[in-house]
Amino acid sequence: MTYESELPSHSSLQQGEVCSDSSLNDENVQTIQNLSFLKRHYHKLILSGFLTICLVYVLQKGGFQIWPDPSCFHQVRWWTLIAYLALLTVMNYFRAIRWRYLLRPLVHLPLRRILSVSYIGFAATILFPFRIGEMVRPLLIRSKGNVSITAATATVLAERIADGLCLSLVLAVALLLVPTLHPLPEHVVGFPVSVAYVRESGFLMLAIFAVAFTALAVFYFLNEWAQSTTHRVFSWLSPTLGHKISGVAAKLASGLHCFRRVEDVLPFLLETTCYWGLNALGMWLLGWGCGIMHEDGTPIMFGESCALMGMLGVTVLIPGPPGLLGVFQAGIYAGMTMYFPVSMITQAGAAYVFLLYATQVGWQIVAATICLLRRNSYLAI
């Protein structure tokens, strides 16, 4: 009887040492990456904190409080808040699952994983400053040899441009068709910003997103011509710069691959429409529930909620402080100033903005926490 088989061989011991060293190296690499991330973005964190303080100061100086006076909530129909939470759940479901059509040419992921990664990414986008959280979803789905970080980021970029184009288009139509106060106030309530500038910014954002989408489409469908043209335009500055810009643009344009396939683009557009349609419906319901009314006593209209949604969406697409604190409130107040009297905005409007902000941010945090705590979802990530 031999005992050689019961003793670990030199090769197995060596392999175990390698595995142990590998695990230690992985931990060290992860630690270094975390420190590197903080080192790269610490100035953004400091700037975002300063920006948050400034926005909160402007709000308070304009007569608003992050936490409104209890008297502002007297007219709230609280059942509408529960209904809004239900709509918010369905809305975020469509917001998450539509991503699968952009990912389909790259990788097929289970629906549960798409939901988990999306909910965690949505929360990160809210909590991290300057939209750094947009990188969370690409980081969570990248896999060596299958999905690169650039390809995954391209899908998120395509999604953001589609959302920006959709929102700015809705806002532009609402600004043209939905009646406003006449004459318009000179400044946004609580902010030293011209209402005329707010209206112009809606059309400006439509132009920006239309140009961005067109540029990506040109790089996707006319790739060789677009790369050579970009290289020639920037070559007078630096040939290396021109080559790099054209290469990055071409990689990011790859996120539009789903728009070549009818079986992907139509469902993506349908679910995007459901997402934003439910968003506008929920904002209208909560606004009505908070008692938002015009000077003649008529309640908020659906078209006005579309304008508020467009103004809010365009505002939060701009990189801002953590929690979107101040930016979120500014977008809603800017929209309400065009349709409702100041007395309504500072009372029922303040309750509306607070409940809208608290429910949206709270929902994202709770959903992300559940996804992180659930063992199956955590392992899937």
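Keep in mind that glycine also has a Cβ here, set from the backbone N, Cα and C atoms.
Taken from TrEMBL, the feature transmembrane segment covers 45-64, 76-94, 165-182, 202-222, 268-288, 300-318, 325-345, 351-373.
Across 165-182, 268-288, 300-318, 325-345, the stretch most heavily in contact with the transmembrane segment (202-222), judged by Cβ pairs under 8 Å, is 165-182. For the transmembrane segment (165-182), the partner stretch with the highest count of Cβ pairs under 8 angstroms, out of 268-288, 300-318, 325-345, is 300-318.
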